[in-house]
Amino acid sequence: MFRIIVILIVRGINNVWKRGKYAELNRNCLCYGSILLALIYYNCVIRAAINSARRVLSEPVAELEDLRFEPDTSVVEYFLDPDEPTKPRLPDAYIIGVRKCGTLAVADFLGVHPDIVLVDKELHYFDNLFSNGIDWYKSNMPAAADYQVVVERCPSYFTNAAVPEKIFKTNPDAKIILGVRDPIQRSISEYAQMEKEANGKFFKPYREFAFIQGNMGRLNENWTALQDGLYAKHLQPWLRYFPRRQLFIFKAEDLVAEPAKVLKRLQVFLQIRFYVSAAHFKANGTGAFPCIVDPADTERECLNGTLRATSVQHPRIEWGIIHNLKIFFRQHVNDFHNITGIRFGWI
C-alpha cells in the first residue's frame, strides 16, 4: 500500500512539472508531496514499533518465570561443598507465626534446601529470654556457610508488639516470614489443640471460651484464640520497623493445596536457588500438610520427621457461633487485605 501511494504521488508531481504550467502549483505539489511522504513514512515506523511492543508484552509471564526458576540438579554439589567454612551466625530470616498456620510445616519444607540452616528449636529469645543477652543467643546458633541462610522459627513472636524493634536492632535486614489462615478456623484449631493437651480431662466447650458467660450475645475478644487472629492489628508494629519488601506472607490453605508454589515464591524471597519443587511433596490426607519425600525415591516414603499427624479432630461448632465470629472478624480481615494488598477470600 505504501509503495502504491508513493508511485502515484511521484507520477502526479512529474506530470505537472512536465507541462511547465503553473510554476507556483509545481512548487506547492512538491512541498505537499514531500510532507505527505514523510507522514506516511513515520506512520509506518510508529506502527511497526507498536506491533513489536505488543508482541513482547503478549509473551506469557509464566513461561518466562518457569525458565528462570527451573531447578538445575547439576549445581547441587555447589550447595554441599564440604570444604566451605562454617561458623555460628545470627538468623537471616524469622518465621514469626501465626500459631496453627503452618509455621512448622514451612520450616520442614525449607529445611530440605541445602542453602537453608534452621535453628533447631524455639529459643524465645526476643519475647521471653532477652535478658540472657546477645552472647547467649549467639551460643545457640547453628554453624552456617556464608552462602547459607539461617532461619529461626518462633510463632509467638508475631503477637508480641515488643519483638519487632528487638529483631530490627539485632538485624535490620532480617527477612520476616508470616503464615496466616482463616481466623475462625485458626481459633477452632487452637481450641482443639488445647483440648487434646488436656489429656481427656473435662474441658470447657468452645462456646464458653469464645463468649462471655457462654452466651452468644457478647464475644470474649480477649480470648487468645481470637486475639491471635487479628492479623492487621499485630502486623502494624512489624511494619514500623520492616518495609513490606522484607515481609513474606503465605496462606496456610495454599501450603496444603499447592506447597510447591508457595516454596517457589519463598525461595525467590530468600534469594536462594530454586531447589525444593513439586517432586519433594507427597499428599498427607485431606486438609493436612504434605510430607517431604526424596525425589529419587521411587517408593516416595515420607522422610523422618516430616510426616505430621493429620489435623487434630476439630469440634463441631454451631452455625450461630460461626455467624457471630464472621461478623467479628470481617472488618479485621478487610483491614489486613488493605495493608498487605492480598485477597484472602476467608469471610
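Glycine is no exception: its Cβ is also placed from the backbone N, Cα and C atoms.
Please treat TrEMBL annotations as automatic predictions, because they have not gone through curation.
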Discussion item. Can you look up which of C154, C302 is joined to C291 by a disulfide in TrEMBL?
Written reply: C302
Worksheet item: K100 (active site, for sulfotransferase activity) to C302 (disulfide bond): how many Å between their Cα atoms?
Response: 22
Worksheet item: Roughly where does the domain 'Sulfotransferase' (91-274) sit in mean pLDDT, to the nearest integer?
Response: 95
Worksheet item: What is the number of other Cβ atoms found within 10 Å of the Cβ of S189 (3'-phosphoadenylyl sulfate binding site)?
Response: 20
